[in-house]
Amino acid sequence: MTQPRDVTLSQILTVAQMRAAEDELVAGGLSVEALMEVAGRGAGEYVRRLAAGRSVTVLCGPGNNGGDGYVIARHLMEHGNPVTVVAAREPATAAAINARHLFEGNVTDGHVIVSGDVFVDCLFGSGLSRALPEDLLALVKGLSAAHHLTVAVDLPSGIESDSGAPLNHDLPQNDVTIALGAWKQAHWTMPACANMGVLRLVDIGVTLRQNAPRLLLRPRFQAPAPDAHKYRRGLLGIVSGAMPGASILSATAALRVGAGYVKLLHPDSRLAACVAPLPELVTTAGAIDDLVSDPRLAALLLGPGLGRDDTARRHLETVVTRGVPTVLDADALMLLGPDIPLKAPTILTPHEGEMAALERAFLLPANGTRLHRAKALAKQARATVVLKGPDSIVVDASGRVVVAPRASSWLSSAGTGDVLAGLIASRLAVHGETLRAACEGVWLHGEAARLCGPAFTSNELAQAAGRALAGALA
Ligand SMILES: NC(=O)C1=CN([C@@H]2O[C@H](COP(=O)(O)OP(=O)(O)OC[C@H]3O[C@@H](n4cnc5c(N)ncnc54)[C@H](O)[C@@H]3O)[C@@H](O)[C@H]2O)[C@@H](O)CC1
Ligand SMILES: Nc1ncnc2c1ncn2[C@@H]1O[C@H](COP(=O)(O)OP(=O)(O)O)[C@@H](O)[C@H]1O
Ligand SMILES: [K+]
């Protein structure tokens, strides 16, 4: 089945996958030179619009990233934009040598730092395999400091493509990064992604790779069906615990994004009395087994404010044996282990600390990239995992991966995780699909934060979730 182009363009490739994709295009009859022409022209057009007639300096390295630089420079020259190339090293690949020959403009060797308006970094791209040597590091930093804007082509030089790790200290901040052909892991991975500025992608015709991670795109939400009623839209049970305020935050969010009925379930009736009621939230107190036995429950959420004592553990054991799609968050993740088998489709939403606890419990090594760690946990626990942070990742047990773009750093405040759990659980109550619910929840969370602007509380974030959903209705 052919996929819409925006789905194909949302894939995030490793260097090996990108090379395989390029080899496939070459095997299909395109030359590397032709691909470089498409990539360089595409990037050149972004640079031309950004420069708007101002002077551009293009730093070219020895490989094909440098080759792209010569194509960009030629494109700018053809459009009458002043451009200078700084050749840090002589071109060393056939395609780069060809691109160098075709450029008839100004080329300097980099011994003097040229100043100007827009600096375009084409020193290294996905071929970077070790730290930049001192002279090249000084050149990138010097040129970036001597220009008003810095644009990285494919990747900022000094960043490792597959891990997002900076291979040098003190690399310059980019205003724009133009990815070529496909997104690479580094574009969406901390710390590299925080240094890339605005991200753009040039399409060179790469096809869909099997099992490649995808970038989280805006979901499309449906209004309730004409004959909808509250139970058919999904009954969500949120189990409260030692700190009931956390589950109120989850419920505030959940009420706004799809579930037709959200119930707060209080296994401790004394605590139920301490909670300030929300008029739209139904609250029920009773024994945990009775509370979760309602056959109409479409999803359950357990963890926010749960506590970590024996009672909390018993609540967790009861919830996971119930067989209803479930979100486990916060304290529930500190209690979970292989001795508590998950009977129903389950979503785990750990932050880094909870992830470390789960790795200990499931005897997983806590090394490798966050992507590899999340995949290992999802497989071992047979659950969908949302590994939270500035670069959140969603992975399901079969290994499908969706990477969220960086969200507002104002989300780094207490209680926003409870809101996320409520959003995901509400979507799960609507349709029961774990990967989809996790992605929708993460998207709604990021969008609600964007709508809130700076300095919001977690309660304000939860309240904004309805507006986030409204903006993405089909
Ligand atoms: N292959 C293709 O079909 C296309 C490739 N494109 C461009 O090609 C780039 C990848 O090109 P390359 O594989 O030539 O790699 P780069 O241009 O990123 O690097 C060139 C070579 O430099 C050497 N090197 C690595 N780290 C170094 C260091 N720290 N100091 C000194 N030398 C170092 C390596 O031998 C590496 O292969 C992409 O990022 C993209 O910009 C695009 O033109 C699109 C088409
Ligand atoms: N710097 C950041 N940038 C973007 N999102 C962040 C950042 N820090 C935290 N978040 C998001 O905020 C939420 C915090 O969740 P969590 O740590 O569980 O908080 P709490 O338990 O206090 O509710 C997660 O969704 C996480 O992805
Ligand atoms: K580059």
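The backbone N, Cα and C atoms fix where each Cβ goes, and this holds for glycine too.
Remember, predicted model here, so these are calculated numbers, not experimental data.
Copied over from TrEMBL, here are the features:
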- 18-212: domain 'YjeF N-terminal' (DOMAIN)
- 64-68, 125-131, D154, A246, G305, H351, D418: (6S)-NADPHX binding site (BINDING)
- N65, D121, S157: K(+) binding site (BINDING)
- 213-472: domain 'YjeF C-terminal' (DOMAIN)
- K388, G389, P390, D391, S392, G417: AMP binding site (BINDING)
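Here the features listed in TrEMBL are placed on the structure.
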residue : record                   : Cβ neighbours (10 Å)
N65     : K(+) binding site        : 28
G67     : (6S)-NADPHX binding site : 31
D121    : K(+) binding site        : 30
S126    : (6S)-NADPHX binding site : 27
S129    : (6S)-NADPHX binding site : 10
D154    : (6S)-NADPHX binding site : 29
H351    : (6S)-NADPHX binding site : 17
P390    : AMP binding site         : 16
D391    : AMP binding site         : 21
G417    : AMP binding site         : 25
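Filtering D121, K388, D391, G417 by Cβ distance to ligand 2 (under 6 A) retains the following binding-site residues: K388, G417. For ligand 3, the nearby binding-site residues are D121; that is, of D121, D391, S392, these have a C-beta under 6 Å from one of its atoms. Taking a C-beta cut-off of under 8 Å and a sequence gap of six or more, S392 (AMP binding site) has these contacts in its own chain: V386, V403, A404, A407, V442. Among the binding-site residues S129, D154, S157, none has a Cα sitting within 10 Å of the Cα of P390 (AMP binding site). Among the binding-site residues N65, S129, D154, H351, the ones whose Cα sits within 10 Å of the Cα of G417 (AMP binding site) are H351. Comparing CA positions across the binding-site residues D121, S157, K388, D391, the one lying closest to S129 ((6S)-NADPHX binding site) turns out to be S157. Taking D121, K388, G389, D391 as the binding-site residues under consideration, the smallest Cα distance to D154 ((6S)-NADPHX binding site) is found for D121.
With a cut-off of 6 Å between Cβ and the nearest atom of ligand 1, the binding-site residues N65, H351, K388, G389, P390, G417 reduce to N65. For K388 (AMP binding site), the same-chain residues 6+ apart in sequence whose C-beta sits under 8 angstroms from its C-beta are T349, P350, H351, E352, G417, L420.
Within 10 Å of the C-beta of S157 (K(+) binding site) we count 26 further C-beta atoms, all protein chains included.
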